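Okay, so here's the structure we're looking at.
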Amino acid sequence: MKLRSTANTRASSLHMGEFRDTEYNFVNEDSPKLGNTRKVSVIPLVFLIFYEVSGGPFGIEDSVQAAGPLLAILGFLIFPFIWSIPEALVTAEMGTMFPENGGYVVWVSSALGHFWGFQQGWMKWLSGVIDNALYPVLFLDYLKSGVPEFGGGLPRTSAVLALTVALTYMNYRGLNIVGWMAVFFGVFSILPFILMGFVAIPKLEPSRWLLVDIHNVNWSLYLNTLFWNLNYWDSISTLAGEVDNPKSTLPKALFYALILVVVGYLYPLLAGTGAIPLDRESWTDGYFSDVAKIVAGVWLRWWVQGASALSNMGMFVAEMSSDSYQLLGMAERGMLPEFFSKRSRHGTPLVGILFSASGVLLLSWMSFQEIVAAENFLYCFGMILEFVAFIKLRLSHPNASRPYKVPLGTAGCILMIIPPTVLICVVLALASFKVMIISLIAMLIGFVLQPCLKHVEKKKLLKFTLNSDLPDFREAEHRSTVESLIS
């Protein structure tokens, strides 16, 4: 976060998306302005990342249905090295280089210009909203085995609306509250699977882990399930301006969250597939509650269902926080109208929260598989822009301040992002025609929306301002270069 030189945000007359040449100044703990603002510390940040990426094993069941136990286990063991670790490393470097709300939007804008920065913001915000529309659906899918009324019709629609309103209000109350709520939800959601693993030990048959039918694999569902459950590491970057000492806290939290996520998938997957005979068709979202009942009894089934409810609440509030603070960050950079930068009395981005909640309600009619495929498609394009920005900034501004730097040279970084880039191409190629068309239309809307906003700004129909306290890395890089030459 930046040290503000004035009590009020100063407006700038610069055009939409333009950047000033100022320097990053990290938080001074003695700052009177920031003394009353509660920043997010490392433990809540770990669980915010956990919920933005994972939230527990809820939703990984489709990987077993799509490919069988062996490929599902190998997927969650190998996939983090192909995708999660590179994305987390890029997020750590870029998030500490640009420690402000807006995250990846600012990265791309600084490297490729504000047009592509806006497209990045549009695609990632839309993919985040689509992703968030999944959590009420997944929550009700877990409950419908115990409460069949939630399977469809008016009860299901009413439940989706009530959940969205209640969880949106939690986001409104403050990010620090959301962070500690995520800690509580996380502990409660992880505990039943730890118990299930211990109870399952006498029933484990390791040979069940090796079952595979390579000729009967739904590759599209398999890869989309892996991808959906192991991406979004960059989402935390849009909250960097709310983090206590982000230059050290962010990389540390990403590392701890990575371990928590991978173990949180593999442990219950090994217990569930090893303890009961394989019935691939039964492995759909919500099946872990049935596994818990088979392994330990009804009591554990109810705990898993309750854990699912809290987990989906945690994922919802974490994702909405990321989406809404992204809109706030874009408004502070002059990419969106000024009203998006207004905060509530709790310090939260009220307009961003309302926009994100509205998007969730509009998209909640989609099925689980359609939601996953659609958000993956948009997310892939956003990640391509992030990787390009990451390498371009390494080449064009090698001396810019990077409190955390990926311990590889530029050539090593290029090699690091080749496997995830190939994976992106595979995920895009496997998308259904319906998902592809919907996603491309959404991208075209972004291409039209940005020039329209420029026109609105030019005609002064809406007010756009640039927060002049926000920094740009270029001045810091210049000063660093001068100091090195002098020394």
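The count begins at 1 with the first shown residue.
Glycine is no exception: its Cβ is also placed from the backbone N, Cα and C atoms.
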Problem - TrEMBL annotation (transmembrane segment) - matching range among 40-60, 124-144, 292-312 - result: 40-60
Practice task
Sort out for me which stretch, of 66-90, 178-201, 254-278, 374-395, 435-453, has the most Cβ pairs below 8 angstroms to the transmembrane segment (407-429).
Solution key: 374-395
Handout entry: Positions whose Cβ lies under 8 angstroms from the transmembrane segment (102-119), at least six residues beyond its ends
Key = 16-19, 94-95, 234-241, 325-326, 328-330, 332-333, 335, 382, 385-386, 388-390, 392-393, 396, 443, 446-447, 449-450, 453, 472-473
Handout entry: Same-chain residues at least 6 beyond the ends of the transmembrane segment (374-395) whose Cβ lies under 8 Å from its Cβ atoms
Key = 87, 90, 93-94, 97, 104, 107-108, 110-112, 116, 119-120, 123-124, 126-128, 130-131, 134, 224, 227-228, 231-232, 234, 366, 410, 413-414, 417, 420-421, 424, 427-428, 431, 435-436, 438-439, 442-443
